[in-house]
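> The structure under discussion is supplied below as structure tokens; questions concerning it will follow.
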Amino acid sequence: MGTNKNIIVALAGNPNSGKSTIFNSLTGSNQFVGNYPGITVEKKEGLKKYKGYNINFIDLPGTYSLSAYSDDEVVARDFLLNEKPDVVVNVIDSASMERNLYLFTQIVELDMPVIMVLNMVDTLKSYGKTVDKKIMSNILGVPVFATVASKGIGIVNILDCIVNICENGEFKNQIRVKVDYGEDIKGETEKLEKLISKDPVLSKFPKSWLTIKFLDNDPLALKLVCKAGNETEISEQIEKSRNHIKEHFGRKAEVEIADRRYGFANAVVKMVVKKTEQGKIDMTEIIDSFMLNRYLGIPIFAAVMYIIFKFTFTFSEPAVKLFGLFFRWFSGVVTGIIPDSPVRSLIVDGIIGGVGGVLGFFPLVLFMFFAIAFFEDSGYMARAAFVMDKIMSRFGLHGKSFLPLMLSTNGCAVPGILATRTLDSKRDRLITMFVVPFMICGAKLPVFALIIGAFFATKYQAAIMFFMYFLSVVIALGIAKLLSATILLKEKSSHFVMELPPYHLPTVKGLFLKMWERSWLYVRKAGTVVVLISILVWVVFAYPKAPLNENLTEAEKSSLQLEYSIAGRAGKTLESLLNLS
């Protein structure tokens, strides 16, 4: 704080959360009541002198969200955005924690210091439940205190924390966990963030908050666009992004965003609230009692992975063979049309061979992404990441690292690396990106299959392939452990919080959209690299040209060309060096 002894604190919370009671306990009789300019919403301020500081408390209207659909919500949000208080105290009704956390998910997006106050913990206790404040604080990255405001319990702790935050920067470097809106929504927010960064007016607001508000169709946020220099460009992108989300999920963006926020709140509550009495549970909880069971979770996960791979290979095999036949036929057609020349060799061996190498496995990638999308949209994949977190955290990996690693296995490392964007901290993203290439992807699989088929008997081939998969996992985990214990030791990791949505049947349209988007990304990213490398390989095998000799057979000509080529000469040089050693 330096020499500034004045602290502005905003109290935010749901109606009936006990916020005003806490406000009264903090300020006593030093209160000022008025109205916000232009509206009839009551404005309450209170002053507290504590440890040499003048702490000015603002009791914001009780709201369920920071949307612009009521005067109370507008007042609360405008104060936080425009006045920029030093600290926000978010008061939570402990007995209705999940509903109250919905507001927290929006406050934390404003990138302000937040203190969470779990009020009425005595009521929660009467329901046979307790909350672990330490775990909750570690998960959310904010200080968490329990209070019984009606009895004045825990009030002093709030005052001490406010002073520590402003004086010593306590919790300043801790990562505040925000809602994971998923890769599809995050992709749209990133497009909008790039446009916002170009405008001096909009760039003053927190980008993550503003982009979500645009997608949320918030009327006041949309009015801000009119002040932007690139208004037309931003408006068009907002419309495109909202249409994309509606097309993909089959519902409006604001509904999907709200569902993700409640999913986040639900996940937090499940992790921190402990039941001492058995309450009524719904079907999701019944299913989760098996899916998330400490003994059954891993076997169920293994069974789901087997189903995905079995489905992928069984249904894609005919299409893969068909694609292979097509490219062989097409190569034959081109060979018959174009005379023997370097151009024909380039087209047939370089370009068609490269494109065929990518598209030959395209059906396999399509079916794999379809299967993954089914389990993702049904709600299981979030549980899989939750189940794997305990194992992966031992090797320095985040629970959500499981998803990029799985995308890379039998798929492609490119979408796997792109999927690391869902990880919150730089450390988790870097470690996951480093280990993703060690997984056996669709490009490595045929190479291993060829080598194993050539050097091992049929009865050992399956075991050898399994061992290769196992070895790739061991190496990846070993590298992750090494990185987390050495180079990236000082980097902060985010705590594992992932939405556990209710189980439901995915929409057919959503499945096919997700399958196509990911598969096309594989073709664009991997295809470009593979084709270029195929052409490069063709060059090193085709040049320089061997002397013409019509008396040689085709096999002998090919053998002679190989000896003369760059690849052949490099091979001979390497052989000589190995013989010398």
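Cβ coordinates are placed from backbone N, Cα and C, and glycine is handled just like the others.
Taken from TrEMBL, the feature GTP binding site covers 13-20, 38-42, 59-62, 119-122. Taken from TrEMBL, the feature Mg(2+) binding site applies to Asn24, Ser25, Thr27, Gly28. The domain 'FeoB-type G' annotation in TrEMBL covers 6-168. The annotation transmembrane segment is assigned in TrEMBL to 295-313, 319-338, 350-375, 395-418, 430-457, 463-489, 522-543.
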> Rank 295-313, 350-375, 522-543 by Cβ pairs under 8 Å to the transmembrane segment (319-338) and hand me the top one.
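Looking only at 295-313, 350-375, 522-543, the most contacts with the transmembrane segment (319-338) come from 350-375.
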> Mind checking which residues of the chain, 6+ beyond the ends of the transmembrane segment (350-375), have their Cβ under 8 Å from one of its Cβ atoms?
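For the transmembrane segment (350-375), the nonlocal Cβ contacts are 304, 307-309, 311-313, 315-316, 319-320, 322-324, 327, 330-331, 334, 381, 384, 406-407, 410-412, 442-443, 446, 506, 510-512, 514-516, 518-519, 522-523, 526-527, 530-535, 537-539.
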> Work out how many Å separate Ser25 (Mg(2+) binding site) and Asn16 (GTP binding site) at their Cα atoms, rounded off.
16
> Which of these binding-site residues has the least crowded Cβ, counting other Cβ atoms within 10 Å: Asn16, Asn24, Ser25, Thr27?
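Among the binding-site residues Asn16, Asn24, Ser25, Thr27, the lowest count of other Cβ atoms within 10 Å belongs to Asn16.
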> Within 10 Å of the Cβ of Pro61 (GTP binding site), how many other Cβ atoms can you find? Include all protein chains, please.
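I get 21 for this one.
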> Within the same chain, where does the transmembrane segment (463-489) have neighbours whose Cβ lies under 8 angstroms from its own Cβ atoms, ignoring anything closer than 6 residues to its ends? I mean 6 or more beyond.
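Result: 395-397, 405, 409, 427, 430-432, 434-436, 438-440, 448-449, 452, 456.
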> Hey, which of the binding-site residues Gly13, Gly28 is the loneliest by Cβ count within 10 Å?
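Each of the binding-site residues Gly13, Gly28 was scored by Cβ atoms within 10 Å; lowest is Gly28.
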> How many Å separate the Cα atoms of Met120 (GTP binding site) and Asn24 (Mg(2+) binding site)?
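Here the two Cα atoms lie 15 Å apart.
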> Only counting partners 6 or more residues apart, tell me which same-chain residues put their Cβ under 8 Å from the Cβ of Lys19 (GTP binding site).
Leu11, Ala12, Gly13, Asp59, Gly62, Val91, Asn119
